[in-house]
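According to Swiss-Prot, the domain 'Protein kinase' annotation covers 4-260. What Swiss-Prot records for Ile10, Gly11, Ser12, Gly13, Asn14, Phe15, Gly16, Val17, Ala18, Lys33 is ATP binding site, and it gives sequence analysis as the kind of evidence. The active site, proton acceptor annotation in Swiss-Prot covers Asp123. Positions annotated as region 'Disordered' by Swiss-Prot: 298-365. The annotation compositional bias 'Acidic residues' is assigned in Swiss-Prot to 317-347.
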Amino acid sequence: MEKYELLKDIGSGNFGVARLMRNRETKELVAMKYIPRGLKIDENVAREIINHRSLRHPNIIRFKEVVLTPTHLAIVMEYAAGGELFDRICSAGRFSEDESRYFFQQLICGVSYCHFMQICHRDLKLENTLLDGSPAPRLKICDFGYSKSSLLHSKPKSTVGTPAYIAPEVLSRREYDGKMADVWSCGVTLYVMLVGAYPFEDPDDPKNFRKTIGRIVSIQYKIPEYVHISQDCRQLLSRIFVANPAKRITIREIRNHPWFMKNLPRELTEAAQAKYYKKDNSARTFSDQTVDEIMKIVQEAKTPPPSSTPVAGFGWTEEEEQEDGKNPDDDEGDRDEEEGEEGDSEDEYTKQVKQAHASCDLQKS
């Protein structure tokens with residue numbers, strides 16, 4: 001860890017803490033996500049790292065390496081100085097149609113590349129889209145903790161993601177197409193940018209997950225009268241918010257949609273993007289670590305630290321997190337563990353989903 005020096009903490013969540021670090025030699029700023037050694041280092045962590053490592057696209061946060069400390073596994077990534085798109089929305093209230101399109105175009109290009117690489121993200125949302133520090137911000141998709149590769153993993157069937165962004169078929173507990181669920185989440189992201197609110201939440205009762213679920217499965221949303229957007233934009237949203245994923249617009253169709261094509265930056269055109277889609281297995285990733293090297297480090301990280309004594313600069317121990325009022329197992333109630341191999345813990349949202357199933361409130365497809 002002599003390679004990096006600590007600058008400041010930049011976030012915390014279910015995984016632990018994230019810190020802004022600087023490479024002592026190159027002076028490059030990086031973000032480091034610290035995960036406590038031991039039980040938290042599971043198949044999901046390995047999946048996140050391996051999936052993320054395989055991706056090389058300007059609209060995806062670059063994975064650099066993993067580092068083992070005495071107390072934590074640290075994932076080293078590109079630092080996005082512009083912060084979360086969520087914070088930008090909170091500051092602005094909502095975006096104009098043109099600004100919303102600018103970010104949506106980048107989001108779709110990043111997701112399209114993920115899908116080409118046979119990886120579905122499964123937790124796309126404003127909080128998982130970062131911005132670089134440039135005057136015309138470049139959007140960067142991050143957090144592949146729920147991602148699945150169709151080449152490496154089974155077809156998803158568990159209810160994961162964030163309630164406001166979740167697609168109807170994900171609630172069914174049956175197998176579903178993760179790529180089409182990503183399309184739905186992209187639509188929710190677009191709606192929030194345009195309106196400044198979530199499409200399927202009751203504004204008077206936003207924490208009522210049961211009501212949100214009901215609105216999702218019945219496609220109950222509307223665009224407020226005070227939001228003036230084009231007919232093309234409305235039509236695109238209506239093609240995304242379709243309950244049957246087989247009838248939902250695809251990423252390919254979105255990229256050819258008139259609203260999406262308008263004012264499309266040159267670097268996002270299909271001709272410019274083609275270089276990222278070359279099937280060249282010898283192409284370098286952003287990481288110098290091989291998969292075998294990474295898996296060896298991850299395996300070693302499964303061994304808990306010998307003691308809970310904090311080590312300066314190596315992240316917080318769980319005791320420190322709890323003293324600061326941060327329960328490492330809490331992440332604002334927006335995460336649900338994978339069933340079976342990924343745990344049996346339930347949050348309030350999961351309970352609401354199960355209650356809805358039990359009372360036949362969910363429409364089975």
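Every residue gets a Cβ built from N, Cα and C, even glycine.
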State the Cα to Cα distance, in Å, between Gly16 (ATP binding site) and Asp123 (active site, proton acceptor), rounded to an integer.
18
Tell me, roughly as an integer, the mean pLDDT over the domain 'Protein kinase' (4-260).
90
Ser12 (ATP binding site) versus Asp123 (active site, proton acceptor) - Cα distance in angstrom
17
